Amino acid sequence: MSERVTMPALGESVTEGTVTRWLKSIGDTVEVDEPLVEVSTDKVDTEIPSPVAGVLQEILAEEDDTVEVGGELCVIGDGSEGSSSGGSDEGETAEEPEEPAEDTSAQDAAEGDGADQPEQAADEAPAQQRSEDEPPSPESGASGESSGGSSGGSGGGGGGGETVTMPALGESVTEGTITRWLKAEGDTVAVDEPLVEVSTDKVDTEIPSPVAGVLTKIIAGEDETVDVGGELCIVGGESGGSGSDGSDEGADSDEGADAPSTDQGSAQDSSGEGGSTEESQSQAPTADDAPADASEEDLEGEQELHEAAAQESTAKEDEAPDMQEPEPAVGIGTESADNGSTSHKDSSEAQAQGTGEDQASGEAQASGDAAPQGGQDVSAYVTPLVRKLAAQHGVDLNALEGTGVGGRIRKQDVLDAAKAAEAAKAAPAPSEQAGSGQPASGGDQQAAGGGSAAPAAAPAASSGSAAGGDAAAKRGTTEKMSRLRKVIATRMVESLQSSAQLTTVVEVDVTKVARLRNRTKNDFVQREGVKLSFMPFFAMAAIEALKAHPIVNASVEDDTIVYHAAEHLGVAVDTPRGLLVPVIKDAGDLNIAGLARKIADLAERTRDNKVTPDELSGGTFTLTNTGSRGALFDTPIINMPNVAILGTGAVVKRPVVVTDEDGSSTIAIRDMVYLAISYDHRVVDGADAARFLTTMKERLEEGNFEV
């Protein structure tokens with residue numbers, strides 16, 4: 001029996017979708033909820049998951065075809081009738097997902113490790129025979145790996161291994177794409193240390209490790225899309241790399257591991273293969289992108305695994321704060337699947353077999369640990385990711401002091417060094433704005449609410465760091481758009497095409513606000529823990545104006561106008577990945593101090609990839625500080641489905657004509673700013689926009705705020 005997959009309803013106003021890319025080919029085995037095809041609509045790009053498990057028998061809509069909602073996309077054959085589609089093996093795989101995992105691991109174990117594991121080979125001889133007669137297809141292997149996650153988990157479970165899964169990154173987010181692994185197999189990780197970068201249609205974020213241990217197995221490779229709850233990797237416990245995990249890794253390496261050096265490290269790390277390490281190395285596939293120093297990182301994992309329990313515990317306690325200090329674990333938590341793992345009976349024997357190798361590797365690692373501290377060249381000590389970042393930002397690794405375990409140079413060390421170097425070179429913004437740490441949709445957004453007094457300076461230059469550090473390296477090159485950049489591009493064009501946008505500008509005298517801020521900013525920092533910039537005053541004035549003019553705090557849905565009951569203020573934040581708009585929910589209930597804290601918190605977490613997708617949606621009005629780099633004003637693009645966005649320019653001192661109370665005029669030096677509102681003329685008329693800005697102008701020039 002077969003199942004026809006149709007185009008789902010992707011929104012109330014969406015009637016059709018265009019097939020952009022098929023993620024599966026005819027004959028591939030698919031699991032329930034596994035992504036089949038990428039579909040683009042006029043509002044969103046998304047992936048259509050498979051409603052059933054089976055084999056993809058027929059593709060009915062080709063790439064670039066436009067299919068109406070309810071139209072047929074493909075046919076999925078039932079696993080029990082896989083033979084009818086010419087994929088009996090895949091059908092068996094879909095129906096009995098555990099068999100292929102056993103077959104594959106048995107075959108690979110027999111080829112790479114059979115000489116050293118006669119007992120295991122004898123137990124799995126029937127499975128091996130089937131594998132030799134009918135070599136598993138890559139699809140069935142993938143299915144076996146996917147559904148056989150418990151097998152991999154049990155391997156790690158011998159020493160308390162933990163299966164790391166894709167966390168729920170928001171109510172409307174069902175999947176994430178692996179953009180980059182921050183750790184390689186064999187690396188030692190601490191609790192909450194970032195493991196992998198994941199991209200969704202709303203946010204790019206890092207998934208931290210739920211446990212401390214050794215990364216024994218990477219299940220989802222880069223550019224793979226994983227459903228929420230899907231397995232990403234296995235982190236072994238105190239002895240997670242010994243015995244059982246090693247055999248699993250050895251099997252998986254034959255199915256397409258990323259780097260042979262990692263496989264070699266895994267084979268040594270497992271100690272379960274004993275003397276078969278050389279044979280496993282000879283059979284490992286060649287990968288062009290193998291990290292040059294992966295084996296050294298694996299040696300570190302081996303040493304950690306075979307240290308005494310007390311030493312390992314101490315190392316982990318020392319490691320955790322080092323890792324968390326530059327990147328506080330704020331924001332998204334991870335969900336860890338119970339792997340139901342059990343220990344292999346030969347793990348202790350396998351560990352004993354690898355003692356000789358581990359002793360040598362421990363000595364090598366000890367000398368490696370001493371390298372950075374001894375002032376030697378650290379190029380062989382850092383990971384490829386760190387080396388690449390250092391090259392991009394022009395950072396001299398030999399001049400850095402690593403904050404990781406044993407002096408290891410981490411990604412954050414390179415980024416911090418780049419920010420510090422750029423901050424020293426950065427041209428100062430206008431004096432008043434620079435002193436205020438004025439936030440922005442541009443580079444100073446984090447300083448917006450300020451953060452703590454000490455770290456606020458470095459984020460202030462992050463935009464300049466990203467632009468300046470990468471500018472030289474990017475000249476004359478071509479790069480593929482990131483997923484986030486493509487989403488931003490699509491939505492910006494969509495905003496201009498779907499609404500009638502124009503901009504109204506007023507000039508505001510904020511001298512009283514500037515004086516109030518100067519009088520109270522020091523006490524404010526001590527009391528609230530964040531800097532007092534102009535942004536909370538602009539936000540407060542905008543919120544009060546939204547309450548007075550609800551037409552600006554509205555949205556359009558088809559032929560209806562929705563007037564929102566609350567003010568959910570979006571604040572544009574510039575990040576190295578692109579412009580993001582986190583939302584302050586119920587901003588109308590906050591005072592100046594509350595707004596300052598919220599702006600600082602959201603800006604910092606957005607830059608650090610700690611903001612959740614739910615915090616990036618639901619806004620009713622957007623505020624963007626276009627003056628963060630000295631721009632006087634701009635004509636910002638509306639953040640749909642809002643009907644307006646306010647841009648705040650640079651606060652500058654200049655001579656203006658001032659009218660005294662008696663009506664006489666004089667020229668005085670005042671703090672001036674331009675406020676520009678872009679609005680959707682389908683809903684908001686020019687007079688409405690002018691009234692809104694006039695309300696803001698009067699409130700700011702009055703300067704009567706409680707700080």
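Keep in mind that glycine also has a Cβ here, set from the backbone N, Cα and C atoms.
Caution: TrEMBL annotation is automatic and unverified by curators.
Residues or ranges marked as compositional bias 'Low complexity' in TrEMBL: 77-87, 117-129, 277-289, 421-471. Residues or ranges marked as compositional bias 'Acidic residues' in TrEMBL: 89-102, 246-257, 290-302. Taken from TrEMBL, the feature compositional bias 'Basic and acidic residues' covers 303-318. The compositional bias 'Polar residues' feature in TrEMBL is assigned to 349-364. According to TrEMBL, the feature domain 'Lipoyl-binding' maps to 2-77, 161-236. Residues or ranges marked as region 'Disordered' in TrEMBL: 63-173, 221-376, 421-478.
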For the domain 'Lipoyl-binding' (2-77), DSSP counts of helix, strand and coil?
0 helix, 40 strand, 36 coil
Suppose you look only at the domain 'Lipoyl-binding' (161-236); what would the mean pLDDT be?
87
For the domain 'Lipoyl-binding' (161-236), give the DSSP counts of helix residues, strand residues and coil residues.
0 helix, 39 strand, 37 coil
